[in-house]
Amino acid sequence: MSKAYPHYFEGRATATGDHALGLNRVEYLTFGAIVLCAVMQAVLIFVQEINWDEFYFLSLIYEHQRGELTKALQTIHVYLFGWLPMIDGNEIRQIEVARAFMLASELGIMACIYGLSRLFVPRQSALIAVLAYASAGFVLLHGASFRADPIAAFLMMAALVLIARSKLRFADLMVAASMIALAGLVTVKAVFYAPALIGLGLWRVVRSEYPASDFGKLAGLGLGALAIFGSLYWLHQSALPAADLAGSEAMMSSAAQTTLLDVNFFPRMGDAIQGASLAFVQAILFFAGLFFAFREFAENNKARTGIAVLFALAAPLLSFLFYRNAFPYYFAFIFPPAMVLVAFAAHRFSLSSRIWVALIAVMFLSSVLLFSRTLERDQEAQAQVVDAVHKIFPEPVAAIDRNSMIASFPKRGIFMSTWGLKDYRGKGDPIFADILQNDIVPLLILNSPSLEEAVGDKLTAPLRARLLPTDRVVLSQNYIPHWGKIWVAGKKLNLGSVPVIVTILIPGTYQVESDFPVIFDGKEIAGGEVIHLGRGEYLLSSGQSQTAILRWGKNLYRPTNKPADKPIYRGF
């Protein structure tokens, strides 16, 4: 260990390799690679396909503005991004704009990684840690996605930096407490940062000239964060006409049961291995940092306090052992504090500048390769569907789909994530007949294998959960294909001289598509004409044997081009 190294645990002195003026060659290269990684992410904002979670995150904003939001927990972003519906364009355009703000959050996370790392290592090692994060595959793919994770990660990382580097003045403590509270309101996953917060706080106390005073300040910060969280939650809940505490408690209970309790050990091991494969050099540096930290802890008594902080910053990663929803996007959220271990490894490795240049090149070029592959996973299919829906239905109508893809339209039915479908099947209660009896839902979008299978359409992804039999029947008997994966309310009927009973669950104006007239309860309707049908049973027949179609609406728009031969969603 170099003589300069312990000084970084004390937060003073300059280490070998930090030049008073300018950057060295490795630092220039590292900084340039970081900038280029950010540029690639900026490009992907407008190219990369949108995940179902992003559409859902946007839909909560529309729900709030319609007065339909029923849960106060994890929905505080409806105020932060309440201006998005005013953006000219459809849901895809609005999400792209929101992604730009997520990229800003990610850049803030990188700055915080640098700020924390510089407490312990020289500038070059801190920059390498930032590049390791920026070039990791899971960050390139998900670091700027429009979901709670980038916001919460930035807020928690900024709070860590304030705890570690500020003078703990009242203003510093208030800002940090507010950030922690807001992060918890954005997503309860913020609690996984607790070990890092506690460890870093205790480190400040141990190093302080006035430990009792600083302990009191940091304890006050924690209490303040809880108070701010509770106050903001109460204000948010009070402003929602349909929300109550019981609803949030029920959601939390279900979430805890599904994501924490009802899981196997290391439930997302496969995703973790895949994540490491997309960040191979970074993974090596991280585990090397752990190795060096354990060795230093065992051999150097003076360094133990500082090493313990490194362990605390890496402790949030233990959530992988029990958290079910540790999907690839979660990595970009949970890894930032642990990147200090990468910085530690970079500092402890005695490598020449030439070798560091090679490692930096490997990290950057692997990111470039993933970027080039990701360009192929574009938004074409999604853009076609969203654009077509808005032309078919110029005014919002209720819709059934996986995830509120048309966020400006009210969604009916469950959010069809693996968690949502598991909960739905566990209850065993069919839902769609009741929905159609109590609401007019003319639109069905087959953006889930569960919905595709329910109506007998071609699967575009593996089927993980079927809808209940009654719900499959309800959907297949009340919706017909319109264009691609867009289905509308309707019936396809084989008619002849013998009347058949047809049950209408979705009332509205229907257009008859037939070669010969169709007789509705004794009234003859020619093909192309429209008829208003309420809920109920009708006797239909035809003087000629034929296949007739009843399609909800009048002269519904239908694109002349064929839909893109791509899945709407291709996973993480």
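Cβ atoms here come from the backbone N, Cα and C positions, even for glycine.
Note that the structure is a prediction, hence the values are computed from the model and not measured.
In TrEMBL this protein carries:
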type: TRANSMEM; residues: 28-47; note: transmembrane segment
type: TRANSMEM; residues: 126-144; note: transmembrane segment
type: TRANSMEM; residues: 151-168; note: transmembrane segment
type: TRANSMEM; residues: 174-203; note: transmembrane segment
type: TRANSMEM; residues: 215-235; note: transmembrane segment
type: TRANSMEM; residues: 272-294; note: transmembrane segment
type: TRANSMEM; residues: 306-323; note: transmembrane segment
type: TRANSMEM; residues: 329-346; note: transmembrane segment
type: TRANSMEM; residues: 355-372; note: transmembrane segment
What else in the chain is close to the transmembrane segment (355-372), if you only count residues 6 or more beyond its ends and a Cβ gap under 8 Å? 25-26, 29-30, 33, 36-37, 40, 43-44, 124, 128, 131-132, 134-137, 140-141, 278-282
In the same chain, which residue numbers or ranges, 6 or more beyond the ends of the transmembrane segment (126-144), come under 8 angstroms Cβ to Cβ? 27, 30-31, 33-34, 37-38, 40-41, 44-45, 48, 99-100, 102-103, 105-106, 109-110, 113-114, 117-118, 150, 275, 277-279, 281-282, 285-286, 328-329, 331-332, 335-336, 339-340, 342-343, 346, 356, 360, 363-364, 366-367, 370-371, 374, 572
Apart from its near flanks, which chain residues at least 6 from the ends of the transmembrane segment (306-323) lie with a Cβ under 8 angstroms of it? 6, 8-9, 116, 120, 160, 192-193, 195-196, 198-200, 203, 259-260, 263, 265-268, 272, 289-290, 293, 296-297, 300, 330, 334-335, 337-338, 340-341, 344
If you count CB pairs under 8 A between the transmembrane segment (272-294) and each of 28-47, 174-203, 215-235, 329-346, the winner is 329-346
Given the transmembrane segment (174-203), which of the listed stretches 28-47, 215-235, 329-346 has the most Cβ pairs that are under 8 Å apart from it? 215-235
Tertiary contacts of the transmembrane segment (215-235), as residues 6+ beyond its ends and Cβ separation under 8 Å: 72-73, 76, 163, 168, 173-174, 176-178, 180-182, 184-185, 197, 201, 204-205
